[in-house]
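> Before anything else, here's the structure in question.
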Amino acid sequence: MANSERTDEMQENYQRNGTAEQLPKVRKHVVGPIEIFRFADGLDITLMILGLLASLINGACLPVMSLILGEMSDNLISGCLVKINTTNYQNCTQSQEKVNEDIIVLTLYYVGIGVIALVFGYMQISFWVMTAARQTNRIRKQFFHSILAQDISWFDSSDIGELNTRMTDDINKINEGIGDKIALLFQNISTFSIGLVIGLVKGWKLTLVTLSTSPLIIASAAMFSKIVISLTSKELNAYSKAGAVAEEVLSSIRTVIAFGAQEKEIQRYTQNLKDAKDVGIKKAIASKLSLGAVYFFMNGTYGLAFWYGTSLILSGEAGYTIGTVLAVFFSVIHSSYCIGAAAPNFENFMIARGAAFNIFQVIDKKPAIDNFSTTGFKPECIEGTVEFKNVSFSYPSRPSIKILKGLNLKIKSGETIALVGPNGSGKSTAVQLLQRLYDPDDGFITVDGNDIRTLNVQHYREHIGVVSQEPVLFGTTINNNIKYGRDDVTDEEIEKAAKEANAFDFIMEFPSKFNTLVGEKGAQMSGGQKQRIAIARALVRNPKILILDEATSALDTESESVVQAALEKASKGRTTIVVAHRLSTIRSADLIVTIKDGMVVEKGTHAELMAKQGLYYSLAMSQDIKKADEQMESVAYPLEKNTGSVPLCSTNSIKSDFTDKSEESIQYKKTSLPEVSLLKIFKLNKSEWPSLVLGTLASVLNGTVHPVFSIIFAKIVTMFENDDKTTLKHDAEIYSMIFVILGVVCFISYFLQGLFYGRAGEILTMRLRHLAFKAMLYQDVSWFDDKENSTGGLTTILAIDIAQIQGATGSRVGVLTQNATNMGLSVIISFIYGWEMTLLILSIAPVLALTGMIETAAMTGFANKDKQELKRAGKIATEAVENIRTIVSLTREKAFEQTYEETLQTQHRNTLKKAQIIGSCYAFSHAFVYFAYATGFRFGVYLIQAGRMTPEGMFIVFTAIAYGAMAIGETFVLAPEYSRAKSGAAHLFALLEKKPTIDSYSQEGKETDTCEGNIEFREVSFFYPCRPDVLILRGLSLIIEKGKTVAFVGSSGCGKSTSVQLLQRFYDPVKGQVLFDGVDAKELNIQWLRSQIAIVPQEPVLFNCSIAENIAYGDNSRVVPLDEIKEVANAANIHSFIEGLPEKYNTQVGLKGTQLSGGQKQRLAIARALLRKPKILLLDEATSALDNESEKVVQHALDNARKGRTCLVVTHRLSTIQNADLIVVLHNGKIKEQGTHQELLRNQDVYFKLVNAQSVQ
């Protein structure tokens, strides 16, 4: 029955997940172009209007400059012995003075345009960036507020990861789309419109001919853009799959190492990288082909325009001079260019509107239970009389499964009531309904006779204290965590609550005492310590209703008895509701209610229910321990399992024997990053040298195009100095054809760059990710304990650091080579044709370069600060969303909202400052071009008049230097990418050069023919490398004979789980030896040793693949046949359940096995361990997380698994180890006593006390 129910639930999950997967296809909605600005206030609207006007004015500068250029060209040519036709002949000497006057006026026009560009360029960028920052800041705050306001059922059906992505990526997209991109979009629209008007007014025929190629440019750009977008999507998908594999593997590293699956996981990761590489090469080719096609058509357009323009001049078409042709040509070309330049800005705006749709949907959603609601009755005092009246309920995410079916229950004020029953009976659900996390489907719940739906939700929850089975601590100090219980709590009250919760002593042992940071999710605390801090937090609330949901489950026996007494004392005068599996904790309850299938089955005191011999009696008997009547629990120290967490059971300084080791272990954490040159990165690409050489040749070829263009352009402009029509026509045809040839060269060279550099770059990226991932899996477990090497940090190296390295390799090398060729040839040509003018322009160029450097430095600084602040804000938001139940229970929504908003303030202030810098740098660099033109042309005219330069030379120098400056600008844009690449490379090489203490890939060491399974701990002392001042094992000596079952019991932090990890050789002892069949573990081949061992941990890690693949994970040295998988599944008592599933062994277990219950995951882990055919079986609290019913089934499977093997059991429930051959009681890293169950009971020492301390009856 349980199996079929679970199967139905899983099918429903699959259907639900399937629907979720289709959601993105539906969400192609965008908000309106006006609605996206709904969070703008009066100041924002003013800034946007002024910014819009500034953009339109600034956009007019470029087309107007084309007019001035045309006028200037006419003056230069007509003023120097030009015979355009037989009726128009002038001599240079006759009009020199007039030419000079006209040039001065035109030069001043340039200066005027520069001033306009300076003022309005600053306004358009800074105003739009400022208003975007202000609006985005409001959106962030409102979005976070709306999330905190939602009811829990909304979170049940929402993807937490997706919410976090929206909070960062989506809002960033809105910011990008409504800031300077809007300014540039309107500027481009203005340039396009005015340029087109000027072109049509000055020469409509030439304009229409020039525009005739625009559809080809637009069509090719659109086609390739579509291809690139499609390929980018596929590439990102492949990388996200690889990233998911990496995150899954790194977060489960102990399981991966234990089962020797490093090579398998590297292959799984690399396969996704190969897919990404193949798509990446295609994308690089498509991207470069797109550029090549655009340049081909543009150069063709140049040729067509000049050929037709020359024809119009020679045919005597009214109004057409070389100046007219240039003015029309540049106006139309700028217009065409602006269509392309506007496209990405428009695309950013559309992306922002799409992102805003998702954000605004959440902001506008009205929750059924509003956590911020100010409505509802607020009684002056709450007595605590609770009544469930015919309550029925099913979770909104699983409406077909009824959890509560007409629950009726009355709890008197001040009474302690216990809810017991099997898993899924509805105990925790009833408690959640009482907190009003959900509302019942039918019936109602009253407190003091008031339906809780009529009460103000925040006021009501403030009178409830909750301690849950898995307590949530926040990443701050112990003091702040307890303070979350109540706003106005004093330090004295905090200390008093800590003493009552038996937490004061261990807190005072920390150097920082109450100011000790607990770590992310409380990772630096043990399970017992976390639980006691959570109890203290509940006690400072001084609640009228106290809910204890398995509140002492994570405590060892000694702590539990003290905390239990504290809780019983705390429950005096309060209505207390206890949910418990361990019946020993609820014997003294005023009323025990047994719930099954969502209904009350029986109720009474402990004695009454035992006398009835019903369901409660059978639950109690299943926890019975022979001769002592009871089950006993001694929880292993959870910190010994958590990556980056270290036991805190003792703060004694270690002896001098370990001093050297201590210093050594501290040293490895302080490793500085190596200095990495770009050459070192490129060396990793040396096997692709043929591709790199061919790509470089293609780049050099491409780099020659602009310098050659400069010469041809100048010759076309100045060829009208000749009055021979035949020669002019012939020259125009030749030069126009050269433009077409340059277009062909561009197309071919870009294609070759994409092909060769794309291939080399993508192979390097794949190689770097592969090497980095391999190097991570190559490290020993102690390396993963270091907080610097968290899963998030390591996946960042794989994703961001290597992406940054990619930014300095591949096609980027091509761009640099191309720019270097362009700059070099441009300067050489300029010096040849006009060295004086070249020196003048080069002397003012550093000012522009300096502006770029200032902007880059400022932006890099702000980017780093912003990244840090947004990272902090993101951490707060993520912590809040992931732990929303705890925050709602504690009514801390406003506190988190306030902290989030305070964190955003620094980033917001930075952005407002950044707006001024971006605006100023943009305006200056934009205006500087016009000032440079003014200076250059004026000086050029002077040189021409002095006979030291020709008009042709001036145009060549100007055009060549202009293209050279563009190349410099593009190179400066790449400079930050190279800085980031060096930073990423430093992290990468630090990783690649790190040598592990225990080498999992080592081929050295003995491999004996057989492993019998004899184990010996010989004088073993040990501390964790990342906490060398805390000694865990102190001279542990123990012999375990082959085939025997030995159980480790003891208080939290005594070294039980540590011993298990030493057996797997996750660590080596700092003193003493661990021996297998008489051989030191260090002398054995590590892969062979681990192949003899299998583990079933307390929280088994399953991977996001099928059931069959998870079981086959037990032996990664071969392809495991399905029959063998079924055989071990049968032995683990899970086969019949699997066969009942629609997909059977192909059923996906979900991320971390979320589609399975605890008992099902545990049995799969047993099957996985059995497949390994181990000589040594390690059971680390293998049944601790299970209810009584599941425990029986799993325990039966474990009893079968132990036969014929050496078995070491770290126990959570003493009822499971009564038949062990040897029970070892550990205390402070030493053996306190050992013997069989009966012998230890007769000794009446520690074990005897532990057993009796938890007697049920």
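Backbone N, Cα and C atoms are what each Cβ position is placed from, and that goes for glycine too.
Feature list, courtesy of TrEMBL:
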type     : residues  : note
TRANSMEM : 47-69     : transmembrane segment
DOMAIN   : 49-350    : domain 'ABC transmembrane type-1'
TRANSMEM : 108-131   : transmembrane segment
TRANSMEM : 182-201   : transmembrane segment
TRANSMEM : 207-229   : transmembrane segment
TRANSMEM : 289-308   : transmembrane segment
TRANSMEM : 320-343   : transmembrane segment
DOMAIN   : 386-622   : domain 'ABC transporter'
TRANSMEM : 692-714   : transmembrane segment
DOMAIN   : 693-980   : domain 'ABC transmembrane type-1'
TRANSMEM : 734-757   : transmembrane segment
TRANSMEM : 813-833   : transmembrane segment
TRANSMEM : 839-862   : transmembrane segment
TRANSMEM : 915-933   : transmembrane segment
TRANSMEM : 953-975   : transmembrane segment
DOMAIN   : 1015-1253 : domain 'ABC transporter'
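Give me the local environment of each listed feature.
Long-range Cβ contacts of the transmembrane segment (47-69) within its own chain (Cβ-Cβ under 8 Å, at least 6 residues beyond either end) map to 37, 40, 106, 109-110, 113, 116-117, 120-121, 123-124, 127-128, 130-131, 182-191, 194-195, 198, 202, 323, 326-327, 329-331, 334-335, 926, 930, 933.
Here the transmembrane segment (207-229) has Cβ contacts under 8 Å with residues 196, 199-200, 283, 286-287, 289-290, 293-294, 297-298, 300-301, 304-305, 308, 328-329, 331-333, 336, 339-340, 343 of the same chain, all six or more residues outside its ends.
Outside the transmembrane segment (692-714), and at least 6 residues removed from its termini, the chain residues within Cβ reach (under 8 Å) are 295, 299, 302, 685, 735, 738-739, 742, 745-746, 748-750, 752-753, 755-757, 760, 813-815, 817-822, 824-826, 829, 952-956, 959-960, 963, 967.
With a cut-off of 8 Å between Cβ atoms, the residues of this chain six or more beyond the transmembrane segment (734-757) that come close are 284-289, 291-293, 295-300, 302-304, 306-307, 691-692, 694-695, 697-699, 701-702, 704-705, 708-709, 712, 715-716, 719, 810-811, 813-814, 818.
Within its own chain, the transmembrane segment (915-933) is flanked in space by residues 58, 61, 65, 110-111, 113-115, 117-127, 129-130, 133, 180, 841, 844, 847-848, 851-852, 854-855, 858-859, 862, 958, which lie at least six positions past its ends and keep a Cβ under 8 Å from the stretch.
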> So what's near the transmembrane segment (320-343) in sequence-distant terms, Cβ-Cβ under 8 Å and 6+ beyond its ends?
62-63, 65-67, 69-75, 77-78, 84, 184-185, 188-189, 191-193, 195-196, 198-199, 202-203, 206-207, 210-211, 214, 217-218, 221, 225, 294, 298, 301-302, 305-306, 309-310, 312-313, 717, 720
> Check the transmembrane segment (182-201) against each of 108-131, 289-308, 813-833 and return whichever range has the most CB pairs under 8 Å.
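Answer, by Cβ pair count: 108-131.
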> Take the transmembrane segment (289-308) and find every residue of the same chain, 6 or more past its ends, with a Cβ under 8 Å from one of its Cβ atoms.
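Counting only partners 6 or more residues beyond its ends, the transmembrane segment (289-308) has Cβ contacts under 8 Å with 205-206, 209-210, 212-213, 216-217, 220-221, 224-225, 227-228, 325, 328-329, 332-333, 336, 340, 705, 709, 713, 716, 732-733, 735-740, 742-744, 746-751, 754.
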> Mean pLDDT for the domain 'ABC transporter' (1015-1253), rounded to an integer?
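For the domain 'ABC transporter' (1015-1253), the model's average pLDDT rounds to 84.
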